Amino acid sequence: MDTAQTLDLLARIDGTVSVVGSMNADYTVTTARLPGPGETVTGGPLEVLPGGKSGNQAAAAAKLGATVHMFGAVGSDTNADFLLGKLADAGVDTGGVRRVPGPSGTTVITVDASGENTIVYSPGSNADVSVDYVVSQRDLLTASSVLGLCLESPLETVTACARMCHDAGVRVLVNDSPFIPDLPAELIANADILLVNEHELAQLLGVDEPEDDDWDGFDWSDAMRRLQGIGFMQAIVTLGGDGSVVLDAHAQTPVTRIQPVHVHAIDTTGCGDAFMGTVLAALASGMPLDDAARIASYVSAYAATGRGAQASYGTAEQVCAMFASSH
Ligand SMILES: Nc1ncnc2c1ncn2[C@@H]1O[C@H](COP(=O)(O)OP(=O)(O)O)[C@@H](O)[C@H]1O
Ligand SMILES: [Mg+2]
């Protein structure tokens, strides 16, 4: 499938997606070097950007034209309206998001001149995404075709939500990130598709990453068999600037390599979430997994060309315009 054919698929996104999980205000300061313990360094101007893996995934899917319902919790601080406002701007329905007393989810990030960073995550209201809350949202959740989950919410909630939606016939896509090595058996049983990056895959399988990042020399058929042993029949592994691999135990071709889309990358923050949001939107629109990953390559490469996570995401038209002219 060539660029034009892949970009044509973007115009066909029309499905309904639910995303359950985290929203964070990312407080970022750039410094010449990172401070050591007990040390103060002076940084540049504070940037406050909307983030949180689930919020990012929802924003990415909605910008492409999917109907997206976001479920999660914001606090009683000013970041609550900031986060909901940014999601609404992206076209996400936030009507089901819970408001709880206390601070919203926050990350405090320092980035040095070489791009190295330190991140402190304060879950705040994200910790209040409870099983009871998810059950209370059952009608809308189970009316979606596809559900997106990551692990920035309580694991028991993620597991209960996966089960409720999977039982109702919703396709469940689980992003094992932030990485947990031992996913609950019940979560695996109710996850239709796994999405991980290359580092998460290596940890999950207990294998070394290939020397010189030679992922083309990696034994992907063996990886598929090992994932099947864990309980996953379908998976997508993202490889940063090297693209991605789609694994499908039941397909005629169980391993499909998706080539990277070359761009001048400025900031790859949130590229993985842009990729996941695109896969959610494409699957909800009835597209096969490999086509979903092909589209996601373009959408996530677009996101690498701008700063921030949600702030760098494009609409279907913007993504098409960038790549239609360059090929
Ligand atoms: N430098 C880049 N150039 C082009 N595409 C990129 C680049 N970095 C990431 N991407 C795209 O974003 C996807 C997700 O990035 P990756 O780094 O694998 O995820 P994560 O952010 O979870 O670590 C990749 O599969 C690729 O499609
Ligand atoms: Mg990466």
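Glycine is no exception: its Cβ is also placed from the backbone N, Cα and C atoms.
Binding of substrate is annotated in TrEMBL for Asn24, Ala25, Asp26, Gly52, Lys53, Ser54, Gly55, Asn56, Asp273; the matching candidate from Glu152, Glu156 at the same site is Glu152. For ligand 2, the neighbouring binding-site residues among Asn197, Leu239, Thr269 are Asn197, by Cβ distance under 6 Å.
For ligand 1, none of the binding-site residues lies close by, meaning a CB under 6 A from one of its atoms; the full candidate list was Asp26, Gly55, Glu152, Asp267, Gly308. Same-chain residues at least 6 positions away in sequence with a Cβ under 8 Å from that of Asn197 (ATP binding site) are, in sequence order, Ser177, Val237, Thr238, Leu239, Gly240, Gly272. For the pair formed by Gly55 (substrate binding site) and Ala303 (K(+) binding site), distance between Cα atoms is given as 15 Å, rounded to the nearest Å. Burial estimate for the binding-site residues (Asn24, Thr269, Ser312): highest at Asn24, by number of other CB atoms within 10 Å. Residues Gly21, Ser22, Met23, Pro50, Gly51, Gly105, Ala309 surround the recorded substrate site, their Cβ atoms falling within 8 Å of the Cβ centroid of Asn24, Ala25, Asp26, Gly52, Lys53, Ser54, Gly55, Asn56, Glu152, Asp273, which are themselves excluded.
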